[in-house]
Amino acid sequence: MAEKLLRLIYDDELLDDILGDLQEMFQDRVESKGLVKARLHYFKDAFLSIRNYDLRRKRKVRYNNSIPMLKNYIKTTFRTLSKNRVYSALNIFGLALGIAACLFISQYVSYEYSYDKFHSNHENLYRVKYMVYRGEDLQINCAAAVPRVGPFMKENMPEVVDFARAYPMSGVIERDNIQFRENRIQIADPAFLKIFDYPLIHGDLETALSEPNTVVITESIANKYFGRTDVVGETLNLYTWIEKTLEITGVTADVPENSHLKYNFLISYETLNNQTRNDDGTASSETAWGWYDFNTYVLLEDGADPKAFDEKFEEVLYAERGEDFEKYNFRSDFPLQPITDIHLYSNLLQESEPAEQGDGDTVFFLAIIAAFILIIAWINYINLSTAKSLERAKEVGVRKSMGAYKRQLVNQFLTESFVLNFLALSLAVILVVITTPFFNQLIDADLSRAFFLEPNFWLAVLGVYVLGSFLSGLYPAFILSSFRPIQVLKGKMTTNKSGILLRRALVVFQFAASVTLIAGTIIVYQQLSHMKKLDVGFDMTDTMVMRGPEVFAVDSLFGNALNAFENELKSNPNIEAVTNSSNVPGDEIFWTRGMRKQEDTREKNFTVYLVGVDQDYFPTYDIEFLAGRNYDKSFTTDTANVIINKATMEYLNIQTPDEAIGQRVLIGGRDKRTIIGVVDNYRQQSVKNSINPLVFPLTENSASFISVKLNTDDFQAAYEESKATFDQFFPGNPFDTFFLDEFYNKQYANEQNFSRAFTLFAFFAIIVACLGLFGLTSFTALQRTKEIGIRKVLGADISQIVMILSKEFLILVAIANVISWPIVYFLMDGWLDNFTSRITIGVSVFLIAAIMVVIIALIAVGNKTLSIAKTNPVKALRYE
Amino acid sequence: MKGNNLGEFEELILLTVASLETEAYAVSVKEELEKRANRKANISAIHSSLYRLEDKGFLISEFGGATQKRGGKKKRYFQVTNTGFAVLKEAKELKENFYKTIPQLAIITI
């Protein structure tokens, strides 16, 4: 290697004896100091020889290596730049915009792809999915598996190094009267902290989660409750269905944003086992095969193949569970899913952070857009610099007659390209730094500026820079350097036919891309407003929802307290109705059961989603009854009855709502109930999800959520009053509320961000495309100066001239439109298929996009054409 | 070119080559320099000086024998040219002139 380096450094003439010298010294050193040192010395000598790079080379005749010429090129570059201020500004600014947009997107994209890669084991970490088939029908496809499967895999599969389960909970955490509702509580195995990289700041990794009633918290939680992080040994009280005092045994750093699994509290698994202990001493949180709430992660050995693992495990599992499968006619499966795929490519039931789940397609889409914008910007540069070439023709002529080689001219223009690209790049980086917070806000992303410190980023930038400068500089460089000196010095411009054709093609491409983006934006926007306007089947206006209290003294009294609380609220004139339920619309339902008609066989079971409601639920949300009646307080037998939605009715194979009334059904295999009402389907979740079969058992005191329908505009007052009442009835509970419409529409946050990003980049693209068009128009106008002069002398008026000039690019824009239509159609049709209720793409979209582009283009070039059309013909004809 | 001025290191090299007479090539120059002037220099520095001095016309070079130790590569032997000697002399005289103008030194030498 050292020798190669030397060959690079020295001219052939010198190489031989220098190599010999080094070799001789090497041999001497081998004798005196040993081989290793001699080698190192040899390498050092070779390396230090870099200083002799230009030794003797100067003597040779070379075209391109003289630094004075390079200086001259840079000087001329800046001279031309300052000579044509507008042009240069347009050119650099257009390029900078393109690069900035590209940087933004690539930042975002690389962030999305970085999820869970911070675990040092990430290549061997898998999440265990839980799938249940009934016959061929996939009934459950869930991110959380059953508690038994983790230990079972470790016992039976030698590839499994370790496993960890995480059981998510929410609850109230209290310490000395400071209390908060906390959502990110996970009950985790001791191995959790070992297989994942969540470093402990305080505490012992080996023992942190091994004892019951212990908890590991994050740094910011420690600060929140204690104001310091060194809190090992302190205690916190947990109130939820488990009520315990927990001892803190560890503090970890906060969970990185790009982790699919987030926690603030990790409670030891033994704590849960103690709660679910059976009479015989086993715990169902260790043995259950049907309780699927446990995110289970396994760490496989290096090189283990997940596919082969899945197949092998299927057999192992059948040996253990086959009997049950046959008996109950179902089959469960636990395929592995790489944890690095979870964020972008997983959309299962019970994802850890469903609101945060990314969409691999969208991210890929954005990456393509980024590349598009960059290409448009480069094309623009090519366009503008070729357009400018006419002005440079004389310079080229003079240089050539002074004896410049073609290669020197190419070098000159490439140098210019490098300088310009460098300016644009610097501007782009400044733009990015300044606008990052704004961008974050706009698309609700969390991009830090930390990426500026990453070497990979700069490497990529360097790559883009060199490639871009080269590509965008090459074409103009060759065009310009091929001018014939005699002709250009005579003032006769040779116009290359193919050159113009190419430039037109480039403009068409730019505009096609712009039209695509604009039409895409319109479609995304239309779909969004369609989804928002869509009749969701219930009324979410003016509805405030409070989370039910979790800290209360005795269970039996709770029902009374809740009743009294609701009555108190109802007496408030600002409040129209109050209802409590286990879920509110917009919330993912985790409460599922199998259901069938009583007379049906077990095979007919299907999965339904349960929402526990009280008598006021349907009236408060204004959900329509298709048949039957609501629960009524005067009927004491209503707990043996049930209300279903239309989807459930169809699953039960009942034709009309009226027929359903009075039918007997079995829920969860044991619970016999009579259908007393059928409600219309409403959108429990957004349009992205299909309508699930819902069942609404009467559970008067479930109170996970208390919804309050307000009949006042003074939300603030209603809020204050409700809070006072709440505090009076449930002291010590945090008053945690949200407005339902906001909550519901949060489901569209992804689409909203997508549409904003889309709009922004469409905007970028059109600006850059207009810059290109501007360049082209100026170019053609300049060429046709004489023609225009003659036309004017012969009596053409300004509007006619403008028409003639505009006609050319209008044709280009029209072609661009035609090209982009099918592209838009196929791309967006695919995107719209993600939604269960979608718009159809109408002709109007294309018309609007086309008209917009034409108008914007007209504005961009109008000024220029007008000024050309207005010029005095005398000037134009004296032009030569 | 900057004229015939010699740098301090270049002068040393030139002197070394002169003192080695016909045995001056890069490695021997380096060793001699270490021995006599107690100056450690990397071989690349020696190379660059030698070739620069040749470019200036103070040295001429010819190829000498190859040895097994050098992997069959030839040596390049350097010799000081007449101009080289002239420049050395000039540098010496220049310095001596200066020494004479320093009173203490003048007294000591006398």
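Even glycines carry a Cβ here, placed using N, Cα and C.
Pulled from TrEMBL:
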| type | residues | note |
| --- | --- | --- |
| DOMAIN | A:88-315 | domain 'MacB-like periplasmic core' |
| TRANSMEM | A:89-109 | transmembrane segment |
| TRANSMEM | A:363-384 | transmembrane segment |
| DOMAIN | A:368-481 | domain 'ABC3 transporter permease C-terminal' |
| TRANSMEM | A:418-439 | transmembrane segment |
| TRANSMEM | A:459-480 | transmembrane segment |
| TRANSMEM | A:501-525 | transmembrane segment |
| DOMAIN | A:561-718 | domain 'MacB-like periplasmic core' |
| TRANSMEM | A:757-782 | transmembrane segment |
| DOMAIN | A:760-873 | domain 'ABC3 transporter permease C-terminal' |
| TRANSMEM | A:809-827 | transmembrane segment |
| TRANSMEM | A:839-861 | transmembrane segment |
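Contact between the domain 'MacB-like periplasmic core' (A:561-718) and the domain 'ABC3 transporter permease C-terminal' (A:368-481) is absent: fewer than three CB pairs lie under 8 Å, with pairs separated by 6 or more positions in sequence. Between the transmembrane segment (A:757-782) and the stretches A:89-109, A:363-384, A:809-827, the greatest number of Cβ pairs separated by less than 8 Å involves A:363-384. For the domain 'ABC3 transporter permease C-terminal' (A:368-481), the DSSP counts in helix, strand and coil order read 103 helix, 0 strand, 11 coil. When Cβ distances are compared across the two stretches, the transmembrane segment (A:459-480) makes contact with the transmembrane segment (A:363-384), since 3 or more pairs at least 6 residues apart fall below 8 angstroms. The domain 'ABC3 transporter permease C-terminal' (A:760-873): residue composition by secondary structure is 97 helix, 0 strand, 17 coil, according to DSSP. Most Cβ pairs within less than 8 Å of the transmembrane segment (A:89-109), among stretches A:363-384, A:418-439, A:501-525, A:809-827, A:839-861, belong to A:363-384. When each of the listed stretches A:418-439, A:501-525, A:809-827, A:839-861 is scored by C-beta pairs under 8 angstroms to the transmembrane segment (A:363-384), A:501-525 comes out highest. A Cβ distance under 8 Å defines the sequence-distant neighbours of the transmembrane segment (A:809-827), meaning residues of its chain 6+ beyond its ends; these are 504, 507-516, 519-520, 523, 773, 776-777, 841, 845-846, 849-850, 853-854, 857, 861.
With a cut-off of 8 Å between Cβ atoms, the residues of this chain six or more beyond the transmembrane segment (A:839-861) that come close are 511, 514-515, 518-519, 522-523, 526-527, 530, 766, 770-771, 773-774, 777, 805-806, 809-810, 813, 816-817, 821, 824-825, 828-829, 832.
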